[in-house]
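What follows is a short report on a single structure.
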Amino acid sequence: AGRALPAAVDIQPACLGLYCGRTVLSVNGSVETYGDCGVCPRGQRTDDNKICRECVGTPDRYDWLYLGFMAMLPLVLHWFFIEWYSGKKSSSALLQHITALLECSLAALVTLLLSDPLGSLHIRSCRVKKLSDWYTMLYNPSPDYITTVHCTHEAVYPLYTIVFIYYAFCLVLMMLLRPLLVKKIACGLGKSDRFKSIYAALYFFPILTVLQAVGGGLLYYAFPYIILVLSLVTLAVYMSASEVESCKDLFVRKKRLVVLFSHWLLHAYGIISISKLDKLEQDLPLLALVPAPALFYLLTAKYTEPSRILSEAGNGH
């Protein structure tokens, strides 16, 4: 008697690489037809079975805090350079600060509206699972050690590219709005000084772009600690440069109070980013630590005054 032939089995070669996957070509009921192993289309990432699946999630609280941090960077740099180049010559600094805030706010709004789903302030995203998700270009496999299968795609869609889009809109809006404003109101500055804050932006935007391109994944995990360290250092430097040694010195000029409250907001943002406010009853009391660095500085400033240290050293000899 003849032996029964085994049923034909469609065996596909294994899909190598950490981020290579098969796209779904068609769906017939519960049966899916897959394409060749390769790069997933934009807005998709591989699941556990190496199948490209559409990103249908929404960013969690930590993702939004990260996007907020990346959105704050150009605004803080704008404010810093506007203040740096305005000095005491011009009263137009406040209007430039407001314009910079308007530019960044409009850029953020337009970026969200143009993201998928179009016309909505909500965005769909894939969940970040590990650091390598940000650097898929480093995980392209070479099955025969000669040919490289390119599977680079945005596994953290859209957290990586949305920052570049935002920076592009910031730059465009700045070039449209700021020169007209500065030309009209910055009368107290010389012709060479009045556009220096804009020139500075033309330098720091490419730097921020490279920073996101190279260190986006590292920033995603480290930004809460970066905020805390930088806000502490800059607050100490500012209070030292302004010769603030007591609470009375803070109230002499309103600008000092504005700077102090701005740093407190940054402290609070950093604390919220670290704790993620998962347990409100435990995490909210941490916000009471926000004024602690400034109070510590004010209490110890008189003991660290250089002239006092030098005089005491001289008396000791």
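Note that the numbers count up from 1, one per residue, in the order the chain is shown.
Quick reminder: no glycine exception, Cβ is built from N, Cα and C everywhere.
The transmembrane segment feature in TrEMBL is assigned to 64-82 (among others).
Taken from TrEMBL, the feature transmembrane segment applies to 94-114 (among others). Here the transmembrane segment (94-114) has long-range neighbours at 71, 74-75, 78-79, 82-83, 86, 120-121, 123, 162, 165-166, 169-170, 173-174, 177-178, 181-182, 185-186, 197, meaning same-chain residues at least 6 beyond its ends whose C-beta is under 8 angstroms from one of its own.
Residues 42-45, 55, 59, 63, 66-67, 70-71, 74, 78, 99-100, 102-104, 106-108, 110-111, 114-116, 123, 125-126, 128, 134, 198, 201, 205, 208-209, 212-213, 216, 220 of the same chain sit 6 or more residues outside the transmembrane segment (157-177) yet have a Cβ under 8 Å from a Cβ within it. What TrEMBL records for 157-177 (among others) is transmembrane segment.
The transmembrane segment feature in TrEMBL is assigned to 198-219 (among others).
Counting same-chain residues at least six beyond the ends of the transmembrane segment (225-244), those with a Cβ under 8 angstroms from any Cβ of the stretch are 69, 219, 250, 256, 259-260, 263, 266-267, 269-271, 273-274, 293-294, 297-298, 301. According to TrEMBL, the transmembrane segment annotation covers 225-244 (among others).
Positions annotated as transmembrane segment by TrEMBL: 256-272 (among others).
Per TrEMBL, the feature transmembrane segment maps to 284-301 (among others).
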Inquiry  = Below 8 angstroms Cβ to Cβ, which residues of this chain, lying six or more residues outside the transmembrane segment (284-301), approach it?
reply    = 232, 235-236, 239, 244-247, 260, 263-264, 267-268, 271-272, 275, 277
